[in-house]
Ligand code: ATP
């Protein structure tokens with residue numbers, strides 16, 4: 001510590017960090033590759049269609065068709081820029097996402113515990129480690145309580161290694177030393193503090209440069225399906241284009257014309273923009289989710305979210321506020337009320353007869369002392385504003401487990417301060433809390449050399465370890481009658497939605513001090529009941545779930561009565577709802593459980609392994625399950641769930657790595673918001689798939705009808721290219737950002753295996769494609785008759801009709817359930833602007849003289865415009 005300039009109690013000073021970072025570098029194994037905008041830009045010109053176009057451009061130039069060559073160049077460049085903008089934004093936001101999901105570390109700096117990105121840890125930092133954490137760097141342990149680490153990632157050894165602050169028998173290899181912790185390994189139990197000695201590439205992990213938990217950008221099932229569809233379309237259209245072109249040449253058309261025609265028909269048939277727009281829409285959606293506090297780690301989750309049928313959620317902190325306050329204390333056979341709210345040390349203990357305990361003594365004082373001693377939370381007084389140093393405020397600044405904070409606050413109300421208790425009872429050892437044991441104990445020694453074990457935990461658990469009871473100054477045997485009474489009180493407090501903890505102690509002999517299992521034969525002292533109010537937004541979110549056909553399920557380590565009472569306040573319970581406890585679950589066979597799993601709304605007193613059983617049963621019933629988790633042991637269930645959800649604040653690294661989504665605010669309402677967003681994204685993807693495919697079908701059919709009728713080409717290759725690569729793209733993108741339809745959260749979840757084209761979408765796409773092509777061919781023929789065979793004017797008319805029909809159609813694609821007339825055309829401002837811009841570009845190539853020879857256009861007169869608009873609109877009316 002001296003070497004690094006670290007203070008044992010304060011850690012490093014944050015002023016030194018920048019220098020240290022410069023000296024030792026970032027704490028990272030691999031340098032993150034920065035994406036260069038240039039490489040993204042160049043990549044735009046390497047896809048298949050663009051290469052074909054560049055080839056076509058070269059051939060046109062070679063044959064002296066300068067106008068075509070210029071037009072194709074312009075189209076390729078504009079298309080390249082549009083693609084670049086899309087992809088650059090996508091890449092940027094994915095990068096931001098990776099940073100958000102990056103691992104963090106708890107470090108002691110300036111005397112405070114701070115959460116920093118793991119890459120900012122420097123040698124000399126003191127890092128706090130708890131079960132579930134990934135060790136962020138290499139270091140020496142300076143504190144270890146029941147501390148063990150899974151080092152399999154380094155050593156391949158799957159049994160966790162127990163660590164201590166002593167090196168143990170001097171091991172030959174560094175990685176076998178007991179007092180060292182290594183980057184990337186996983187804390188499985190206990191707590192510890194470590195002085196960081198090596199970071200980044202200097203760590204053992206850096207030396208073998210292993211894989212670290214990183215965000216996976218895999219393709220979503222929809223993207224995979226679209227890839228397959230795209231490939232099929234490419235093959236089919238290349239075949240058709242080749243056939244049509246060759247037939248044309250045989251008929252005596254010019255080879256060059258037929259070549260260009262083949263190329264443009266291919267462009268018309270292949271929805272080349274589709275995959276890119278899907279990616280953009282997914283990423284934009286992911287960004288919107290971040291704004292709603294949900295960070296997606298695995299892209300496929302975006303789609304799966306929209307299919308969720310059950311959301312299994314932890315109670316504490318997710319459905320409730322996790323701001324606990326002790327309300328009742330049961331001691332000496334009596335229940336006392338505790339007044340005062342929040343993190344404020346003002347409050348009293350009042351008995352049912354109205355007696356005030358101003359200065360607690362005897363059993364009550366002992367209860368508060370045990371609560372303060374068997375406790376890892378910290379409370380400091382906040383400095384209040386300008387005169388902070390002069391005015392003593394009562395508002396407290398706590399840190400640590402909210403259950404323990406509540407106990408410390410209650411102790412303060414009785415004048416018991418943790419610092420004083422800790423100096424009277426010096427802690428020798430801790431047996432940490434975990435949600436399987438549901439209790440915590442400490443071994444302490446007082447000035448007289450007496451050794452005690454203090455325990456607190458779930459009443460049913462603690463009571464089963466007690467053989468005696470202390471009441472009114474006397475310790476005597478614990479009878480069945482006492483037990484029954486305590487359990488009844490526990491049950492009553494639970495029904496008032498209170499979380500209840502029992503407190504017990506015993507005196508130890510020196511020999512018993514290091515016993516592996518000293519928690520037995522305890523003296524029961526009393527109970528504390530604390531409230532943890534439901535989050536108001538969770539109550540609303542629960543209602544949203546019900547109307548969206550999603551079943552919310554509560555899974556908690558708390559007592560049955562407490563869980564049920566809280567679930568009732570959250571309005572999660574319907575008249576058929578059932579509650580199951582972990583024990584009841586154990587007693588059921590798998591088929592028995594699967595049979596009733598649909599009715600269970602609340603699981604109480606469960607341990608993390610039950611969560612896995614619940615997920616499996618639900619999945620077997622065909623449900624798509626979202627499951628939350630925070631602790632290490634939750635990771636398997638989170639991994640097994642269709643949508644694993646981890647907690648950003650209270651979650652451990654392992655659970656985060658196993659999850660597909662992280663909640664930044666640990667809030668149930670954020671899961672529901674993410675589900676809603678998932679549905680919106682999927683809807684929007686369907687919208688522009690419908691749009692783009694209908695347009696493509698319309699274009700191809702237009703060509704097929706006219707060639708079947710033996711008419712000249714109704715659209716020139718350049719016009720087809722302009723339409724496909726310039727005027728279609730923007731409206732399709734804008735559709736991807738469409739606001740949700742009113743009923744997104746009022747319909748049933750869609751089924752997971754559902755095809756993108758289900759619900760009659762395929763039929764609608766084809767039907768619409770046919771209508772558009774018929775309108776276009778009609779415009780071509782009618783203009784031909786009207787103008788007595790002016791081919792350029794007729795082509796301008798069919799070109800305009802096709803573009804306008806598409807621009808009207810795009811508004812129709814905004815809903816599958818209502819007509820185009822039933823919606824506000826301006827509610828998606830992007831779409832309005834995109835449609836106007838595309839219409840503007842159409843007018844530009846018709847009216848600007850420079851473009852007229854390139855695009856072979858002549859401005860139509862007023863009558864013709866009326867015909868064009870009528871035909872374009874007609875398909876919408878039909
Ligand atoms: P969830 O977040 O899943 O709802 P929970 O917070 O309700 O979980 P646990 O944290 O596993 O459940 O707690 C289970 C029980 O253990 C509690 O009902 C309480 O009696 C007891 N308990 C909770 N925290 C502590 C603690 N710090 N020390 C001792 N006992 C505790």
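The backbone N, Cα and C atoms fix where each Cβ goes, glycine too.
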Point to revise | Stretch carrying transmembrane segment according to TrEMBL (options 12-37, 38-63) | key: 38-63
Practice item. With TrEMBL as the source, identify the stretch among 688-708, 856-876 annotated transmembrane segment. Key: 688-708
Review point. In TrEMBL, which of the ranges 720-737, 738-755 has the transmembrane segment annotation?
Key: 720-737
Revision key, fill the gap. Checking 69-85, 233-252, 688-708, 765-786, 831-850 against the transmembrane segment (720-737) for Cβ pairs under 8 Å, the most are found for 831-850
Point to revise | Overall pLDDT for the domain 'Cation-transporting P-type ATPase N-terminal' (2-65), taken as the rounded mean | key: 81
**Study point:** Spatial neighbours of the transmembrane segment (233-252) far in sequence, C-beta under 8 Å, 6+ residues away
**Key:** 48, 258-259, 261-263, 265-266, 269-271, 700, 703, 707
Study note, to complete from the structure: If one takes Cβ-Cβ under 8 Å and requires six or more residues beyond its ends, the residues near the transmembrane segment (69-85) are 37, 40-41, 44-45, 50, 53-54, 56-57, 60-61, 276, 718, 721-722, 725-726, 729-730, 854-855
Point to revise | Chain residues in Cβ proximity to the transmembrane segment (792-811) (below 8 Å; excluding those fewer than six residues from its ends, i.e. six or more beyond) | key: 691, 694-695, 698-699, 702, 713-716, 719, 723, 727-728, 731-732, 734-735, 768, 772, 775-777, 779-784, 820, 823, 825, 831, 835, 838-839, 842, 846, 856-860, 864, 867-869, 871-873, 875-876
Exercise for review: Run through the domain 'Cation-transporting P-type ATPase N-terminal' (2-65) and tell me, per DSSP, how many residues are helix, strand and coil.
Suggested key: 33 helix, 3 strand, 28 coil
